[in-house]
Amino acid sequence: MSYKPNEAAWMAYLYGEMESEERERMELYLTANANARLELENMKALQQMLRTVEDKEVIAPPIVVDNNKTRSLWDFPYAKTIVSIAASLLLIMVVGRLTDTSISSDDTGIHISFGSKVITPPVDNTPMLTQTEVQDMINASLHQNNDTWQQNLTENRLKIDESIRKNLAANNRNSERVDALVQQVASASNDQIAAYVASLQTENMRMMQDYMKLTTNEQKDYMENLLVDFSKYLQQQRNDDLRLLQTKITDVEQNNNLFKAETEQILTSLISNSGTSFQKSGIRN
Amino acid sequence: MAETLLDIAMMHSDSLLLRARQGDKNAQGKLVQLWYKRIYNFAFKFFQDHDMAMEVAQKTFISMCKNLEGLQDTSRFKSWLYTIAVNYCREELRKKKSNRSVPFEFVVNPEAENSPRWEGSSMRHENPERQFQQAELSEILQQALMTLSEEQREVVIMKEFEGLKFREIAEVLNISENTVKSRMYYGLDGLKKILEQRNITKDTVHYEL
């Protein structure tokens, strides 16, 4: 069986809009094909599901339609455009009339003018001078110009030469003066340098002497202070030692006295004890 | 889907249409009353937004009243009306894409303040557990619809919820019938995949046939 339904056939069969002849072929195809039957069942199930979608209740609002059939010229298409263009042209014409606008064209181009047109007199184009006359005038002018240039050039050259000569003479005088100065400087320099060096040495020596003097005094003061401080320190140390020794000796003396007192006490007790025992033994005897 | 009195009236509204075409305001008003719920629900399922659905529905019926006179074949009224609605839906969608502001309903969670949706539904006298499951499934399905492309979504809504024939949808969208069927097929396939991802299949959902 070569029949295989396309999408359109499936839909036509599903919604019962298939011709009887094709429907028979479709049914045969479905009988022979289990997968096709399953697909049809799925489609029918989807249809059933779609039927659960309910319509929404709605109240129709009043529809008011203006049925005025008299259609004005304004309502026709393009009427507004045409009227706009006509109005614009009219406006341009009125403005042109009020401002006396005139547009003209000739060989030189288009001219737009406002107000009354000024008529310019035609220009006489006939040549007043011939070509040779003009050439002669140019040549004469050039010749005159060249002469003036030559004259100026000669004058300038003479002035420059004179100026150079003057400058050279002045320079010669200046160089002689400079040479004399240099010689004077050279001759005077040796003595001056020696004197300068000697003055520098003397000054340095004086400065060193002052410095040494100052430093020696300072060192002496410092040493004196140092020795005084050291002697004070030694004196203090000696006093402390003496005080310590005094204290120790006092302690030893005190200890000796105490020891002596204790010894005396012991001896006294011993003597007294021995006296008593002697008496006792005498009585016994 | 069981046919209501409203559906029957919609199907037999030829005389109403004729009178409305002739400019009868009363007939036009009745047509609006008959079709308003359908167009509103179509737009609501398309946007999942009450205000946008109201906007589209009102614009559609204003346009219908204005242009009904030009409708030659009254048998094509349904597809003609949906054509207007689809065009306004696309226009609103373009506006929504260009205007990136977040609607207030998304900022303030309506679920937290209002009672559950199933309370207002016709199922409220049934088993509460089943009512809740169906309301939840309905919510999931509507969310899944929003994940479909614009073209697939409008076809699925028109076919599955509005009950238009493939020929009528083709007429509304001005495309071939085969293209409509193909969009429908892939739309359903997309929905099936989304539901499978959330483990919702015919075996896990118990509904009464």
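Cβ coordinates come from backbone N, Cα and C, glycine included.
Here the domain 'RNA polymerase sigma-70 region 2' (B:31-97) returns a mean pLDDT of 92 for the predicted model. Annotated domain 'RNA polymerase sigma-70 region 2' per TrEMBL: B:31-97, in sequence order.
The feature domain 'RNA polymerase sigma factor 70 region 4 type 2' is assigned by TrEMBL to B:139-185.
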For the domain 'RNA polymerase sigma factor 70 region 4 type 2' (B:139-185), jot down how many residues DSSP puts in helix, in strand and in coil. 38 helix, 0 strand, 9 coil
For the domain 'RNA polymerase sigma-70 region 2' (B:31-97), what does DSSP give as the number of helix, strand and coil residues? 62 helix, 0 strand, 5 coil
